[in-house]
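Sequence annotations record features per position, and here TrEMBL assigns transmembrane segment to 21-42, 48-69, 90-113, 133-150, 162-183, 189-212, 233-255, 267-289, 310-332, 348-372, 384-408, 414-432.
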């Protein structure tokens, strides 16, 4: 079966890039609204509590995403070679694996979170908020983890537009539920967690429906995959897992440093910045990831012309978006800070305005590192992709985190992003050149 016949700029934007980006924007805007409501109505302690919990939560979601992305590469490669039944077997086995692993992770978080918070020397008031938030997440973990994975499989089936509309609908439901639970019913941080879980659960149900009601290229069948092949799937998706997991691990260290240097205020500011960063990163990752199945498909066919054509489109989009973000954050940083402040807290706004400006410089190089990471994954080079992920999100930032705060204090924590991305940029250029030598 011939796939991806029309690769014009308009066709790629319409069927792949735009739906993925719109879906990512809606989810990220929901996260920002979530943070604004928490900061404005519940205060900096609740915002700090969510900032402390989210790195642990995202590591769990990253495991599900690792299986989905890794299997998507293997599925696309098999479809490119005409092995549709084998692709369906891998798909079915990996969906089952995501559910089982997520259940175990939810249980582990429920049992071990208090110990982790005690290790970070978190105050009792914030710890209680963290536990209350995480208890809800842990219960829903198996079903909400699927919502982070199924979009990868739907895009393989060329259902990118459907993914977009599911994302839009879920976000609107989430926003309505957060407003209802927090503002109207005053359920506080419990309501924030419940709203997110109910919304993502709805997204999972809607994402599963096409596989049962439509004749897609991927179909559920008896799950059949050897352990060796499953390890290959994990290996293929390991770079994306390390991308999220290492970033979350660094956030844990950054939060610990901020607790020492500036207390809960610094953690709250960092959490607010990560909400904004989540939007920027999601758009870049969605644009690059939307064409990953096509890159894998044409890589299997050794079609250099199509690969370079796709990369030129991605580079143009990434550069334009990154420059736009730098301009917006530089000009309106105080306005963004004001959205997250309770009762126009002047100290919070001043702190976040400076921190956001320092952090935003990292976007100068971040887009290229993300693009290289995605290309290496699509080309079935997970070791090199993992090297980029680890260097960008953990090794380089952690090294600078140990150095810069000694000279610049708390401001040094927020400029780490820039120095780390610039260092990794050199490695990315070298690896991308080698990868394109098909």
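Cβ coordinates are placed from backbone N, Cα and C, and glycine is handled just like the others.
Proximity of distant same-chain residues to the transmembrane segment (162-183), defined by a Cβ-Cβ separation under 8 Å and at least 6 residues beyond the stretch ends, is recorded for 18-20, 22-24, 26-27, 29-30, 33-34, 37-38, 41-42, 147, 151, 154-155, 190-192, 194-196, 198-200, 202-203, 206-207, 210. Below 8 A, the CB atoms of the transmembrane segment (267-289) and the transmembrane segment (21-42) form 3+ pairs separated by six or more positions in the chain. Stretch with the largest number of CB pairs closer than 8 A to the transmembrane segment (348-372), among 21-42, 90-113, 310-332, 414-432: 414-432. For the transmembrane segment (384-408), same-chain residues at least 6 beyond its ends with a Cβ under 8 Å from one of its own Cβ atoms are 238-240, 242-244, 246-247, 249-250, 253-254, 257, 261, 366, 369, 372-373, 376-377, 415-417, 419-421, 423-424, 427-428, 431, 435. Sequence-distant contacts of the transmembrane segment (21-42) (same chain, six or more residues past either end, CB-CB distance under 8 Å): 50, 151, 163-164, 166-168, 170-171, 174-175, 178-179, 182-183, 188-189, 192, 195-196, 199, 268, 271-272, 275-276, 278-279, 282-283, 285-287, 290, 339-342. Same-chain neighbours of the transmembrane segment (48-69): 35, 38, 94, 97-98, 101-102, 105-106, 109, 113, 116-117, 120, 122, 126, 129-130, 133-134, 137, 141, 144-146, 148-150, 152-153, 189, 192, 233-234, 236-238, 240-241, 243-245, 247-249, 251-252, 255, 264, 267-268, 270-271, 274, 292, 377, counting only residues six or more beyond its ends whose CB sits under 8 Å from a CB of the stretch.
Proximity of distant same-chain residues to the transmembrane segment (233-255), defined by a Cβ-Cβ separation under 8 Å and at least 6 residues beyond the stretch ends, is recorded for 51-52, 54-56, 58-59, 61-63, 65-71, 73-74, 90, 94, 120, 225, 267, 270, 274, 373, 376-377, 380, 382, 385-386, 388-390, 392-394, 397-398, 401, 413, 416. Within the chain, the transmembrane segment (414-432) has long-range Cβ neighbours (under 8 A, six or more residues past its boundaries) at 254, 270, 273, 354-356, 358-359, 361-366, 368-369, 371-373, 375-376, 384, 387-388, 391-392, 396-397, 400-401, 404, 408.
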